[in-house]
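Please read the structure below before turning to the comments.
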Amino acid sequence: MEVIDPNESSPSPALRSRSLAGILVKIRKKVCSRYVLKTVVLGQMVSLFICGTAVTSQYLAYAYKVNTPMLQSFINYCLLFLVYTVVLALRTGEDNFLHILKKKWWKYIFLGLADVEANYAIVKAYQYTSLTSVQLLDCVGIPVLMALSWFILHSRYRVIHFVAVAVCLSGVGAMVGADILSGREHNNGSNMLFGDILVLVGAFLYAISNVCEEYIVKNLSREEFLGMVGLFGTFISGLQLIIVEYSDIASIRWDWKIALLFVAFALCMFGLYNLMPIVIKVTSATSVNLGILTADLYSLLFGLFLFGYKFSVLYILSFTVIMVGFILYCSTPTYTADILPQSDSAGIDNSGLKVEENDLETPRVLRYIPEESVADVK
């Protein structure tokens, strides 16, 4: 029979206050850690590059009636080819260009095709469907990316990651609502079903491309990814622009303003492709895709001055919600199932798991992991 100590009482208010303060300190360490802050900054830099490509493309279409997404992508792939494919060609040893091409050529053809067609499908969809459909259906790529990461990269998620994704997607919903209320949703599209299918295809192909990119930059090298995408992307996009955009390119009335917009787009796209592998290596493809949900909001700020967009308070709410979800996702690293044998202790052995957001093989990267997460891995 249990004996109740009459002197035992419930925790005092002071003790409860100290416990609450301890919890708040742990939350602050997770949210305000160097790793999370670095991830947020890098993610928003990627968003700004995407914003640059969107604004320049839209201005070409709005002011000069130029709609050549494949030509614009072709210029970017040529830049990647001239820089990174040449770097691979100058390498010696087993990771040189010829060795990679001989062993993995068919894999990189598939990757290049997915990357080229993803870019083309999303941009082309704007001609057929509405802005709302593009923004909403494009988010399908995030759960697809998480599923592919689960099966291909063996990524494992905690409950907080699913909550964070739901928060981010609710922020996208607020952004779509703001677009409708502010009058941006004025174009219902000429063939909405076809446009919606293009968005879904593009989102799925982006997910495939991002998963492959994450695997390559974390296990091989950033130079190999960019060099081979530059090689096959140049070939595929060049062939496709001859087939589908020859008449559009021939009808362009070139002047220095149009040329400057093409250069600005190419530089933004080239910067995006250079930065994206760096951010993915530090974090993951899923967290990057959550962070770039703010790109449409940055585009809106430019649109207020360039295209006469109307402002809505919901845009601020949308940005805040997306950033809260993004920070929430980054605050707790995902993990991957390892091949290490499990211990005899009950439950899951943390030594059989490894943090996915960072490459733990080098101490240099370890310092970006929140302290609590490092303790879990140990």
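Keep in mind that glycine also has a Cβ here, set from the backbone N, Cα and C atoms.
Please treat TrEMBL annotations as automatic predictions, because they have not gone through curation.
Taken verbatim from TrEMBL:
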TRANSMEM  35-62  transmembrane segment
TRANSMEM  74-93  transmembrane segment
TRANSMEM  134-153  transmembrane segment
TRANSMEM  160-181  transmembrane segment
TRANSMEM  193-213  transmembrane segment
TRANSMEM  225-244  transmembrane segment
TRANSMEM  256-276  transmembrane segment
TRANSMEM  288-307  transmembrane segment
TRANSMEM  313-330  transmembrane segment
**Range from 35-62, 134-153, 225-244, 288-307, 313-330 with the greatest count of C-beta pairs under 8 A to the transmembrane segment (256-276)** = 35-62
**Message:** Are there residues at least six beyond either end of the transmembrane segment (134-153) with Cβ under 8 Å to its Cβ atoms? List them, or say none.
**Reply:** 122, 125-126, 165, 168-169, 172-173, 175-176, 179, 195-196, 199-200, 202-204, 206-208, 210-211, 214-215, 284-286, 289-290, 293, 296, 336, 356
**Item:** Tertiary contacts of the transmembrane segment (225-244), as residues 6+ beyond its ends and Cβ separation under 8 Å
**Value:** 68, 70-71, 73-74, 76-85, 87-88, 97, 100-101, 104, 108-109, 111-113, 115-116, 120, 213, 216-217, 273-274, 277
**Prompt:** Looking at 160-181, 288-307, 313-330, which one has the highest count of Cβ pairs under 8 angstroms to the transmembrane segment (35-62)?
**Reply:** 288-307
